[in-house]
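Participant: First the structure, which I've put down as structure tokens, then a few questions once you've had a look.
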Amino acid sequence: MAGNAYSDEVLGTTNWLKDKSNQEVFSFVFKNEDVQLNGKNIGWNSYRKELQEEELKSLQRGAETTWDQSEDMEWESSVDELTKKQVFIFDSLVKKCLFEVLSTKNIAPSDVTWFVQHEWGKDQGWHCHVLIGGKNFSQAQGKWWRRQLNVYWSRWLVTACSVQLSPAERIKLREIAEDQEWVTLLTYKHKQTKKDYTKCVCFGNMVAYYFLTKKKICTSPPRDGGYFLSSDSGWKTNFLKEGERHLVSKLYTDDMRPETVETTVTTAQETKRGRIQTKKEVSIKTTLKELVHKRVTSPEDWMMMQPDSYIEMMAQPGGENLLKNTLEICTLTLARTKTAFDLILEKAETSKLTNFLLADTRTCRIFAFHGWNYIKVCHAICCVLNRQGGKRNTVLFHGPASTGKSIIAQAIAQAVGNVGCYNAANVNFPFNDCTNKNLIWVEEAGNFGQQVNQFKAICSGQTIRIDQKGKGSKQIEPTPVIMTTNENITVVKIGCEERPEHTQPIRDRMLNIHLTHTLPGDFGLVDKNEWPMICAWLVKNGYQSTMASYCAKWGKVPDWTENWAEPKVTTEINSVGSTNSPSPKSTPLSQNYALTPSDLEDLALEPWSTPSTPVVGTVKTPNTGETGSTACQEAQRSPTWSEIEEDLRACFSSEHWKSDSEQLPNLD
């Protein structure tokens with residue numbers, strides 16, 4: 001197809017139809033019948049009453065513009081003005097019905113694909129074809145749509161009827177329109193149940209092969225069948241002339257024709273064995289797609305996010321088992337197709353990354369309290385959550401109470417959503433809740449005891465089978481584990497016997513994060529949006545959640561004795577560039593002097609103010625009285641007055657120092 005041989009409108013319409021060639025839509029037909037009420041004849045052209053609503057007037061003007069722009073200038077149409085006006089009114093009423101049904105379903109018109117064409121048939125007279133569909137449409141909703149459109153269509157026809165009718169006659173006309181179904185839906189009859197079911201059609205094929213091939217009506221009254229005008233959601237066919245419509249149909253047919261046609265022979269026995277999906281199966285599949293799309297992983301989430309489908313299944317025979325099996329398929333789909341890191345990352349609001357500061361998050365502040373490189377720690381955790389840690393498949397937060405272990409683990413588990421919890425109280429089936437999950441959470445882990453081998457297999461990301469209560473054994477696929485504890489879980493005791501042979505294998509399976517800094521009582525919880533933003537920040541800045549990226553950034557794979565403090569982070573909390581940083585003026589804090597020398601109080605000088613944020617490793621830990629490491633204390637301890645005096649003597653000569661000393665005021 002040569003690009004210069006056809007107009008942009010023709011090529012644009014052809015490509016638009018090709019993009020939507022396989023989109024399934026409903027096919028409706030709007031019509032009216034000749035009615036006689038108490039001697040009053042009401043025909044197809046008896047609905048020319050002036051429309052009062054502004055929206056209907058706007059739709060009518062749009063139909064008039066479409067008619068004028070699509071007329072061929074080479075010949076003049078002889079359709080009379082009354083026929084044109086009737087078609088314009090019908091077009092506005094049909095679109096008004098569609099928009100009202102969309103508003104009841106809270107569907108935006110921009111999310112819907114539709115096509116409307118008014119035609120005249122030799123036997124049927126005037127009728128209007130409507131194709132409509134979108135992502136929120138399902139085959140099971142077809143009959144509901146027909147009923148709603150039938151109600152709105154009958155109501156608006158009565159409103160537009162130009163024949164003088166009494167209130168009782170108007171009600172009767174509306175009843176006739178609803179009972180005779182002046183809005184019909186394309187259906188098919190099931191061979192076994194003998195019931196009618198909605199038949200969806202392919203949007204692009206239906207428009208190109210059927211509607212665009214028809215001739216335009218140019219006489220009044222119409223002698224042959226054809227179309228008056230058409231419009232669509234993409235504004236592609238509205239202004240096309242008859243010849244351009246035929247050209248689009250031909251180009252579409254040529255482009256969509258398969259190069260080779262495979263012929264298959266189906267025997268009568270195979271046809272008999274052919275299985276057609278029931279309405280119930282279609283409904284379950286549609287519901288399952290919505291649950292996976294919205295990441296529903298629990299009955300409570302289902303009740304809150306999809307109450308209609310939950311009630312529909314609950315009302316069916318065996319509804320509880322149906323709910324349980326549907327939810328199990330949903331969690332299995334998420335566990336097999338997504339990692340915990342993927343589920344966290346997709347919740348991130350990337351538009352806020354511009355003003356996002358990693359150092360100001362509560363998680364990184366907890367790590368910074370220990371003098372660690374919080375970027376390195378978060379990068380290692382993300383690698384494990386993305387199943388890239390290899391045998392080291394478990395993130396272990398351990399240390400004293402109130403150091404932030406559980407709040408970090410809770411934030412990660414909440415961001416993942418599809419989480420299974422280890423139940424230590426269930427001695428026989430502790431992993432009953434851990435199948436088909438993206439993350440396993442072990443809270444307050446203790447002595448593994450006789451379950452140590454099963455624990456080691458799960459913590460290393462192996463595929464094992466576990467026993468379930470009241471069921472057979474079930475397989476657990478490689479799943480990341482996040483664990484918190486106050487105890488030394490590397491020491492395994494079975495009965496009264498200590499088993500040291502398990503210590504090193506357990507360490508080889510753990511990402512060791514030892515938290516020792518007690519948090520203040522007003523520290524607060526980690527925000528639910530914090531970890532999605534952390535993951536998005538890491539990806540944006542080149543810290544991919546793979547072990548290859550981790551080794552390229554930090555040199556080696558993390559082990560049990562990993563030094564999280566090296567290399568030093570370039571921008572610390574409350575440093576210049578952070579939102580909590582102090583003003584960049586010369587203060588003792590900017591010179592790494594954390595405390596006021598006690599000698600200044602004896603000299604009656606104004607003491608230095610204590611900084612609001614202590615330097616890591618210099619101030620005693622609250623509640624415990626423990627100090628930081630010896631290296632940090634030596635590097636950042638406060639200078640004494642004698643040391644300052646020695647520095648001053650070194651800066652000035654002895655004569656200058658003596659003359660200046662004689663001029664000092666008497667402080668006593």
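Here the Cβ of each residue, glycine as well, is placed from N, Cα and C on the backbone.
Fair warning: this is a prediction, and the values are worked out from it, not measured in the lab.
So Swiss-Prot lists the following for this protein:
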{"type": "REGION", "residues": "1-276", "note": "region 'DNA-binding'"}
{"type": "DOMAIN", "residues": "21-259", "note": "domain 'PV NS1-Nuc'"}
{"type": "BINDING", "residues": "Glu119, His127, His129", "note": "divalent metal cation binding site"}
{"type": "REGION", "residues": "191-195", "note": "region 'Ori-binding'"}
{"type": "ACT_SITE", "residues": "Tyr210", "note": "active site, for nuclease activity"}
{"type": "BINDING", "residues": "Gly399, Pro400, Ala401, Ser402, Thr403, Gly404, Lys405, Ser406", "note": "ATP binding site"}
{"type": "REGION", "residues": "543-668", "note": "region 'Transactivation'"}
{"type": "REGION", "residues": "571-592", "note": "region 'Disordered'"}
{"type": "REGION", "residues": "605-643", "note": "region 'Disordered'"}
{"type": "COMPBIAS", "residues": "609-641", "note": "compositional bias 'Polar residues'"}
Participant: For Glu119 (divalent metal cation binding site), what residues in its own chain, 6 or more apart in sequence, show a Cβ-Cβ distance under 8 Å?
Facilitator: Trp126, His127, Cys128, His129, Lys214, Gly225, Gly226, Tyr227, Phe228
Participant: Centre the Cβ atoms of Gly399, Pro400, Ala401, Ser402, Thr403, Gly404, Lys405, Ser406, go out 8 Å, and tell me which other residues of that chain have a Cβ in range of the ATP site.
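Facilitator: Apart from the listed residues, the neighbours are Phe397, Asn486, Leu515, Thr518, Leu519.
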Participant: My understanding is the cutoff is Cβ-Cβ under 8 Å with a sequence separation of 6 or more in the same chain; which residues meet that for Ala401 (ATP binding site)?
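Facilitator: Same-chain residues close to Ala401 (ATP binding site) (Cβ under 8 Å, separated by 6 or more) are Asn486, Thr518.
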Participant: Among the binding-site residues listed here, Gly399, Pro400, Gly404, whose Cβ has the fewest other Cβ atoms inside 10 Å?
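Facilitator: Comparing Cβ neighbours within 10 Å for the binding-site residues Gly399, Pro400, Gly404, Pro400 has the fewest.
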Participant: Quick one: among the binding-site residues His127, His129, Lys405, which has the most Cβ atoms sitting within 10 Å of its own Cβ?
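Facilitator: Result of the Cβ crowding comparison: Lys405.
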Participant: Summarise the region 'Ori-binding' (191-195) as counts of helix, strand and coil residues per DSSP.
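Facilitator: Secondary-structure breakdown of the region 'Ori-binding' (191-195): 0 helix, 0 strand, 5 coil.
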Participant: Using the recorded divalent metal cation site (Glu119, His127, His129) as reference, state which further residues of the same chain have their Cβ within 8 Å of the centre of those residues' Cβ atoms, listed in sequence order.
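Facilitator: Once Glu119, His127, His129 are set aside, the remaining close residues are Val29, Phe30, Lys31, Gln117, His118, Trp120, Gly121, Gln124, Trp126, Cys128, Tyr227.
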Participant: Using Cα coordinates, what distance in whole Å links Thr403 (ATP binding site) and Tyr210 (active site, for nuclease activity)?
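Facilitator: Each residue's Cα considered, Thr403 (ATP binding site) and Tyr210 (active site, for nuclease activity) end up 70 Å apart.
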Participant: Between Ser402 (ATP binding site) and the residue listed as 'active site, for nuclease activity', what C-alpha distance do you get in Å?
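Facilitator: With the alpha carbons as reference points, the distance is 71 Å.
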Participant: If I restrict to non-local contacts, at least six residues apart, and a C-beta distance under 8 angstroms, what lies near Ser406 (ATP binding site) in its own chain?
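Facilitator: Correct list: Phe397, Glu443, Thr484.
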Participant: According to DSSP, which kind of secondary structure is Gly399 (ATP binding site) found in, if we only use helix, strand and coil?
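Facilitator: In the DSSP reduction, Gly399 (ATP binding site) maps to coil.
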